[in-house]
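Peer 1: Sequence annotations record features per position, and here TrEMBL assigns transmembrane segment to 6-30, 42-60, 80-102, 114-138, 144-167, 183-199, 205-225.
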Amino acid sequence: MLIQLPSLAVVIVYLLAALLPALFLMRYIYRKDTIEKEPKGMLVGLVFLGVAAAVVAIIFESLGTNLLSRYLEEDDPAYTIVMAFLIVAVVEEGAKYLFLLWRTWRDPNFNFRFDGIVYAVFVSLGFAAFENISYVMGYGLTTAVARALLAIPAHMGFAVFMGYFYARAKRCHDEGNVRGRRLNLWASFLVAVFLHGFYDACALLGTLLSTLLFVAFVIAMYIIVIRMVKKESRNDQPV
């Protein structure tokens, strides 16, 4: 029995559908970095670190899911909430955050506040692009459209908040403010985790209330994130 493989043209279309939303948002953030552009080689490296974070997340999410299944049934709403916040959000944002911290914290190019947002977004969109390829290849172009409007911008949104506090932590560090550095580093991680967990929980619970909350949350987050990006770009200053 022969297995029919997709043609090269179909594969290319699917790959473009999976990657273009992330590339578009990367370009948007890159253009908003108006004072001093980050090295392109560094940004490409951050994208690939996002891919590495996705691979790490797959492993740890699988372990977390197996552990959670021992204590809660999958049809239990508590399972969905714990999965969304303590497994998916913690693992995915944690992997992105650790790679971000490892690569950029001591880099001399990290010298302006908006840089924190740029770095976090490029790591996050590298993660999202890799994740998106598997979804689009598995479920088709309808999924590509839905994820282009929801999942990819959401990953950018989580990253904007992460980068916002990350840059402030860097400024506190350079000023010798140890308490401020710690508070902002924790905020950088925990705010992203909360937003990601709330997004996933509302999307997965499937009730009328959770769906309404999801729609309201997405609209509010997109508006806030766009305003944050514009304001931080306009008022950019050294860390």
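Every residue, even glycine, has its Cβ placed from backbone N, Cα and C.
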Peer 1: Are there three or more C-beta pairs under 8 angstroms joining the transmembrane segment (6-30) and the transmembrane segment (183-199), sequence spacing 6 or more?
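Peer 2: Taking Cβ pairs at least 6 residues apart, the transmembrane segment (6-30) and the transmembrane segment (183-199) are not in contact, as fewer than 3 fall under 8 Å.
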Peer 1: Can you tell me which recorded stretch out of 6-30, 42-60, 80-102 has the most Cβ pairs within less than 8 Å of the transmembrane segment (144-167)?
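Peer 2: So the stretch in question is 6-30.
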Peer 1: Checking distant contacts: for the transmembrane segment (6-30), what same-chain residues at least six beyond its ends satisfy Cβ-Cβ under 8 A?
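Peer 2: Contacts of the transmembrane segment (6-30) (Cβ under 8 Å, skipping residues fewer than 6 from its ends): 37-38, 43, 47, 117-118, 121-122, 125-126, 128-129, 132-133, 135-137, 140-141, 144-145, 147-148, 152-153, 156, 229.
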